[in-house]
Amino acid sequence: MQDFLALTLQGEQPATREGKQANFSWRWLGEGLLECTPHAQYDKAVVLSAGVHGNETAPIELLSHLCTDLFAGRLKLAVRLLLVLGNPYAMRQGKRYVHDDVNRMFCGGYKNLPVTEESKRAEVLEQTVATFFQESSSQAKRYHYDLHTAIRASLLPTFALFPYQTHGYDADLTASLEAADLDALVYHNALGKTFTHFTSENFKAASATLELGKALPFGQNDLSQFASIDEVIRNVVSEQALPVRNKPKIRVFQVSDSLIKKDEEFHMNLSAEAPNFSTFTKGEIIATQPSGNYVVEQDQVWILFPNPNVKIGLRAGLVLTETI
């Protein structure tokens, strides 16, 4: 098996599309899609994805190195694994996305958009993940880690978002995120169209979207900054004990509301460079628009992913409260 990332960036296929290593079999399922199944019995089926946004390169490089180490025998595979490089079309252009945000296309969202390379890719990803979980052992617990980096600074630099779900959240997933020295966990309050919403809603996978720092071009990342999450995902796929947390207790937030842009004249009382987890207190106005202002009713709230430039009708930010 040649270099997984290089093949994907070059739009090429490996010389052979399947093969066997010392302790696992593998299949190239298509561009940026690699399935690995251990010869021994397994009790977890894990999806590791990166590059759903094409310019978020550090997680892509982490998965590439993990893949290289699996094939070199430096890392032993103990779970059934699907490696996903989400948006090769945007990766090759160094862009977050080319036409539309792929991470808003899942749960059938692509059906409401014009047919593009990216909408077709979202459909392929849904089909590939569905087949992967359906062909895995019925006894295997299902997991999905979707790795991202942020386009803005953050007062809490690394955090994970859990999709809204009516079934309970998986303790092993939460433990792995705590061990990865993430600063915060955020629980969604409504269904969405993200990759992790898709895997959680449709396959009851224990899923999380991880935000791991700043987006930089390929080759410019200091991967030592991602050592904690790298160690954890390697321990997950090899079923080794998780490392001990080295940071203070992880903070936990709940999404309480979404800021919806209803009018063209929409203004947020934040600077363009305001970091994630900027705060507002009771009585302060977060956003103004002719149809009505958003005034804080709680003692304190935090703002995540503020973006006043979205299209009318879309979410311009998430409002969070902290769970004590």
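Cβ coordinates are placed from backbone N, Cα and C, and glycine is handled just like the others.
A coil conformation is recorded for His53 (Zn(2+) binding site) in the three-state DSSP classification, outside any helix or strand. Under 8 Å, Cβ to Cβ, and six or more positions away along its own chain, His53 (Zn(2+) binding site) finds Gly86, Asn87, Ala90, Arg96, Tyr97, Asp101, Val102, Asn103, His148, Ala215. Here Swiss-Prot flags His53, Glu56, His148 as Zn(2+) binding site, drawing on sequence analysis.
Under the heading active site, Swiss-Prot lists Glu211. All protein chains included, Glu211 (active site) registers 25 other Cβ atoms within 10 Å of its own Cβ.
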Rounded distance in angstrom between the Cα atoms of Glu211 (active site) and Glu56 (Zn(2+) binding site): 10
Protein Cβ atoms within 10 Å of His148 (Zn(2+) binding site), excluding its own: 24
Residues close to Zn(2+) site centre defined by His53, Glu56, His148, Cβ within 8 Å: Ala50, Gly51, Val52, Gly54, Asn55, Pro59, Arg96, Asn103, Leu147, Thr149, Ala150, Ala215
Chain-internal residues near Glu56 (Zn(2+) binding site), provided their CB is under 8 angstroms and they sit 6+ positions away: Ala50, Arg96, Leu147, His148, Thr149, Ala215
